[in-house]
Amino acid sequence: MPKLLIATKNKGKLIEIQNLLENIPHQLVDLGDAGITDDIPETGATFEENAIQKARFAGLKSGLLTLADDSGLEIEYLEGRPGVKSARYVPGTDNDRVNQVLKELKGVPTEKRNAKFVAVVALFDPRDNSVKTWRGESLGTIADVPRGSRGFGYDPIFYNFDIRKTNAQATAREKNQVSHRARALRQARIFLE
Ligand code: ITT
């Protein structure tokens, strides 16, 4: 079975990607397995650019077929922020970033708290230098307080319209049916199969 490198340092993402790609005809390996410890550059202006940059960097380094995910939360009231900067919106932990978003939305009524999770998945093949991308989105609203303890990142404040609870209140199975990442990977999966 050919190897497929999943180029992410984010544990929460890695677990979801492994679940969503279960049973594809590839052996999934992670950055640790591939011996890649570098800080992977992420300097693009779009999710597409960053996903390609990450997949290409790790793919060239390892010589393996490589998949990377660039994702983030776009909040309408904040004109799309934190967007591509979701992971570095403020220094600190996921919890600090959640609190920053809640602070910026303090007093903003429900109807103005619409948000969308975006994931772009890039697949780089070092044999011919080719790259493909797929995008998935998930619609919701930013909750007034964090709810639930599952998932990662902004999950506790993302009330997901598809499942009518926050992503952190959903089981992994529920989130993986409707998430931005699931929607992007569903397309990648068809290609990989
Ligand atoms: P890699 O680049 O190594 O994959 P990262 O965490 O830096 O890991 P991104 O640059 O793509 O990944 O940043 C994604 C940000 O968006 C990060 O802050 C996540 O917590 C958040 N995010 C993405 N998908 C999410 C999800 O399904 N649930 C909650 N937060 C999510």
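The backbone N, Cα and C atoms fix where each Cβ goes, and this holds for glycine too.
Features reported for this protein in TrEMBL:
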BINDING   Thr8, Lys9, Asn10, Lys11, Gly12, Lys13, Ser71, Phe152, Gly153, Tyr154, Asp155, Lys175, His180, Arg181  substrate binding site
BINDING   Asp70  Mg(2+) binding site
ACT_SITE  Asp70  active site, proton acceptor
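Projection of TrEMBL feature records onto the structure.
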residue: Thr8; record: substrate binding site; DSSP class: coil
residue: Asp70; record: Mg(2+) binding site; DSSP class: strand
residue: Gly153; record: substrate binding site; DSSP class: coil
residue: His180; record: substrate binding site; DSSP class: helix
Binding-site residues near ligand 1 among Thr8, Gly12, Asp70, Asp155 (Cβ under 6 Å): Thr8, Asp70, Asp155
Integer Cα-Cα distance in angstrom, Asn10 (substrate binding site) to Asp70 (Mg(2+) binding site): 11
Longest CA-CA distance among Thr8, Lys9, Asn10, Lys11, Gly12, Lys13, Ser71, Phe152, Gly153, Tyr154, Asp155, Lys175, His180, Arg181, per record bound to substrate, angstrom: 20
Least surrounded among the binding-site residues, given as Thr8, Asn10, Ser71, when other CB atoms within 10 Å are counted: Asn10
Between Asp70 (Mg(2+) binding site) and Asp155 (substrate binding site): CA-CA distance (Å): 16
Same chain, 6+ residues apart, C-beta under 8 Å of the C-beta of His180 (substrate binding site), given in sequence order: Ser71, Lys116, Phe117, Val118, Ala119, Gly136, Glu137, Ser138
Distance from Asp70 (Mg(2+) binding site) back to Gly153 (substrate binding site), taken between C-alpha atoms, in Å: 13
Neighbour-count leader, CB within 10 A, binding-site residues: Gly12, Gly153: Gly153
Spatial separation of Gly12 (substrate binding site) from Asp70 (Mg(2+) binding site) - C-alpha basis, Å: 13
